[in-house]
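K.L.:
Structure incoming, see below.
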Amino acid sequence: MTQALTFLGIESSCDDTAAAVVRHVPGQPAEILASIVEGQTALHAAFGGVVPEIAARAHAERLDHCVEAALAGANLRLSDLDGIAVTAGPGLIGGVLSGVMLAKGLSAASGLPMVGVNHLAGHALTPRLTDAVSFPYLLLLVSGGHCQFLIAGNVDDFERLGGTIDDAPGEAFDKTAKLLGLPQPGGPAVQAEAAQGDARRFAFPRPLLDRPGCDMSFSGLKTALLRARDAVIAEKGGITVQDRRDLCAGFQAAVADVLAEKSRRALERYLALNPPTPLLAVAGGVAANTLIRSRLTALCDRMGVRFLAPPLALCTDNAAMIAWAGIERFRLGARDDATLAARPRWPLDQTAAPMIGSGKKGAKA
Ligand code: KG4
Ligand code: ZN
């Protein structure tokens, strides 16, 4: 199918309520006509994590406003669209249900076709939305709830090479910040402290580097940080500003080392496929980390691979990626109806063994 398509995208799988309108004319770059993202950080701040019930209620209250704002921003009515794409999982079930029910209602009322989208496929297909890249490419998804390497072979063909067996890196950054009295989200705060710290002062482990493959583990790093912090407190009766900076620098260097080495291994496996235009793309909030980015850039330079980091607003949760994935799936003939189910768990690579504990929050991606 080669006609121009304009899709509404709806995203509500974790703590961002989002709606977007994307248009694609074959042969031309895709256009994001509007993208509305309402974060819920303030609602969950007092609880130290996303509270599913609060998230679900906020999605139910705000989704239709976001859809209206996206349509208004695109200067379009529902009847101008060609279809509706909605995140049908994986994620917090209450939020996913809100989105799926709204999409079903809009589809029934307007007669527009509806396409259910896997949230992870939204992230994984973003490099095609922003840069029209060709398959196959390697994707590293690093966020507050997910961490995995995927070879994107086609719109609905993803091979998972490995991922975290416990915490996601963003979660580790957030917990580190909490342990050191820094604000949430922890990533930017830890990065700012680390910039003035000595990464060599504390010896943090590089978990799972001694084992072959692309699996990773980050929960031990948080324990190591807690021990190092407590040892300083036991010695001096507290931690100084410089201690904190050094702890952050040591922690960040350990995460960057692990991600760089595991990315090297994932790239080796990917390059064995002889891709005509080799590419490593990143997605997820942790991709904003400047040290991690520079390590990945250097690695790609060495290995003759293009490195692509889409604009941060499209790396983190948004609905433009859902609209885009909907367009791509629609072109392959995907259609859903009133039986579309909301799925809390939905691995992209159905053949890969499920990871115990992987993405413990089970909701973020
Ligand atoms: O993809 P994202 O916006 O949301 C979900 O995980 O849903 O990623 C958020 C995560 C948080 O854990 C945050 O601490 C982390 O990304 N993050 C960073 C940086 N900026 C955000 N981690 C490390 N360095 C950063 N500069
Ligand atoms: Zn996500």
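Backbone N, Cα and C atoms are what each Cβ position is placed from, and that goes for glycine too.
Take a look at what TrEMBL says about it:
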type    : residues                                                       : note
BINDING : His119, His123, Asp317                                         : Fe cation binding site
BINDING : Leu141, Val142, Ser143, Gly144, Gly145, Asp174, Gly187, Asn289 : substrate binding site
DOMAIN  : 31-324                                                         : domain 'Gcp-like'
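In terms of burial and nearby residues, how do these features look in this structure?
P.N.:
Secondary structure from DSSP puts Asp317 (Fe cation binding site) in coil. For Asp317 (Fe cation binding site), the number of other Cβ atoms no farther than 10 Å from its own Cβ, over all displayed protein chains, is 30.
The Cβ of Asn289 (substrate binding site) lies under 8 Å from the Cβ of Gly187, Gln191, Gln252, Ala256, each of which sits 6+ residues away along the same chain.
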K.L.:
Taking the binding-site residues Leu141, Val142, Gly144, Asp174, Gly187, Asp317, which residues show a Cβ-atom distance to ligand 2 below 6 Å?
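P.N.:
Only Asp317 meet the Cβ criterion.
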K.L.:
Measuring Cα to Cα, tell me the gap between Gly145 (substrate binding site) and His123 (Fe cation binding site) in whole angstrom.
P.N.:
13
K.L.:
On the three-state reduction of DSSP, what should I expect for His123 (Fe cation binding site)?
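P.N.:
The residue in question, His123 (Fe cation binding site), is helix (DSSP, three-state).
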K.L.:
Quick test of your reading of the structure: among the binding-site residues His119, His123, Leu141, Val142, Asp174, whose CB sits under 6 A from ligand 1?
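P.N.:
Cβ < 6 Å from ligand 1, in sequence order: Asp174.
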